[in-house]
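Lifted from TrEMBL, the feature list:
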- 6-23: transmembrane segment (TRANSMEM)
- 76-103: region 'Disordered' (REGION)
- 76-92: compositional bias 'Basic and acidic residues' (COMPBIAS)
- 93-103: compositional bias 'Polar residues' (COMPBIAS)
Amino acid sequence: MKLSFVFVGLGVSAMLVMIFQTVRQELNLRDLKTRMLENSAQVKRKEEAIAEMKTKIKEIKDKLTTVNIKLDGLRKQKADSDKSAQELDKNLETCNTEKASDT
């Protein structure tokens, strides 16, 4: 009879240990699921931020392209102006030398 009480006690103890393990595992799973949902939400927010940054970068690149085109145009104008100024200086020198030789 004592032996049967020992076996019953061991059986109950084993069941309690198994119940404890199951409850602990369920709590761990619940915690993992919660963390996974939080991480998914965080990843989604970061993806949206990246998409927004890509859009801003594209806009800035477009603006930079137009500015570069305008800058190239201004450089060409400056080069043309410098060339014209050199030609005018040359013509002025020619006129001055002709004037000096006439007198």
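Glycine is treated like the rest: Cβ placed from N, Cα and C.
Cβ atoms under 8 Å from those of the compositional bias 'Polar residues' (93-103) belong to no residue of the same chain, restricted to positions at least 6 beyond its ends. The list of residues near the compositional bias 'Basic and acidic residues' (76-92) in space but at least 6 beyond its ends in sequence, with Cβ under 8 angstroms from a Cβ of it, is empty.
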